[in-house]
């Protein structure tokens with residue numbers, strides 16, 4: 001690709017201003033309107049079949065049109081969605097700014113009031129997006145642009161999904177950076193507006209503390225486990241911003257404020273005012289034997305909706321759908337101490353909460369993603385990581401002929417049991433013990449494990465490119481069965497890609513149809529089963545066979 005090329009007969013490319021796993025961003029000129037724009041070339045994942053590539057292209061163009069519904073002074077505007085040489089291109093507002101990720105890297109931890117000011121502006125745009133039925137899904141420092149004149153804009157709604165647009169949800173794999181995911185998304189639940197609230201909280205936490213709440217380790221699976229456990233250490237540098245951050249980072253999505261409430265609270269801190277008082281109090285379940293009232297603590301629930309930004313915004317009406325219910329609706333307000341609620345009523349309420357938590361522990365099944373890079377200049381550039389293969393894949397054969405077995409032409413859903421839920425702490429357990437300690441300003445939900453399906457999906461998302469990372473997710477015994485690391489690398493060097501389908505989970509086993517794409521273009525499939533368990537607090541693949 002060279003500069004001075006004309007895209008869609010209208011946009012003349014200038015210099016590239018940013019690159020990422022999902023595309024390249026160019027500074028360009030709209031020759032028809034004679035204005036500078038940012039043009040983003042969306043790169044499709046390698047190794048796709050013709051039908052998969054077509055589906056990915058159409059999905060990208062749909063997502064561009066979804067993003068174009070949003071018009072707000074704190075969101076990068078999408079002007080056009082074009083196609084050139086079979087590839088989708090997004091034409092966006094050009095913003096001469098750095099990403100927040102670059103600012104953090106160059107300046108280190110930022111002043112809490114400055115972070116609150118940035119957060120309030122981002123929240124204003126996201127609140128309007130939520131009102132339009134749009135969930136961003138990938139709020140992170142690399143997607144927030146900060147200009148020297150104080151302008152703040154959030155960009156890259158390219159992986160966002162419009163609530164009710166079911167055609168966009170056909171990619172069954174999680175999109176988003178693990179370090180900034182919400183606990184429910186890390187557990188495989190669908191993103192919702194409250195998930196963006198948590199991601200914004202993680203982003204602002206990282207800006208003021210220098211690191212996100214769950215760290216940014218080299219192993220994305222380890223980060224995913226930490227996110228799912230939802231144990232947020234209280235911030236140390238945040239000052240008056242701290243209580244607001246802990247409210248945004250509530251483990252339970254229902255305890256988080258709406259984005260509009262988050263905007264109001266952040267604007268108050270940015271202006272040097274006290275954040276609005278909590279609208280509700282939340283009970284933390286006591287330890288066995290502890291008095292009921294001793295477990296009570298107040299959680300900041302956000303303020304009433306209010307727009308600290310210019311209220312003049314325009315959003316195209318969303319298509320009718322099942323609708324979204326804003327998260328963070330307050331519980332009934334606690335009575336003053338003098339009125340003293342009946343202790344029996346409190347006990348019954350606590351018992352009911354316990355029952356709900358037990359049901360959640362029994363019913364929640366988890367799915368799991370990849371980390372995104374940072375941008376250095378702005379203009380709507382994307383630096384998120386390319387999505388992994390469309391489903392969970394099978395494990396390389398342990399010490400057999402090293403070649404997959406050719407599958408029959410017609411594939412059927414395997415009858416073998418499916419992938420298991422591998423707990424992040426206790427093997428075979430689906431429920432988790434209460435946390436031993438709770439930050440004084442938030443309520444923590446019980447730790448949730450990451451499922452085997454999510455684990456295996458992330459494992460195979462590394463292959464065949466990252467053999468060292470994938471190797472570390474095999475148990476020592478299974479590593480020995482494969483013939484050692486050199487043999488493992490040789491096996492995967494044959495392939496340009498791998499994908500799976502028909503993943504079925506039951507107990508501690510799973511079965512899947514694995515499709516290997518050789519470097520010469522040949523493609524073969526086989527049926528495999530595998531087992532994931534917990535060893536030393538880590539989920540590992542311990543066995544896999546054909547069958």
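Positions of Cβ are set from backbone N, Cα and C atoms, glycine also.
TrEMBL labels come from automatic prediction, so no person has curated them.
Remember, predicted model here, so these are calculated numbers, not experimental data.
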Per TrEMBL record, range annotated transmembrane segment [choices 345-366, 367-388, 389-410]: 345-366
The annotated region 'Disordered' range in TrEMBL, which must be one of 268-292, 293-317, 318-342: 318-342
Three-class DSSP secondary structure - residue 40 (ATP binding site): strand
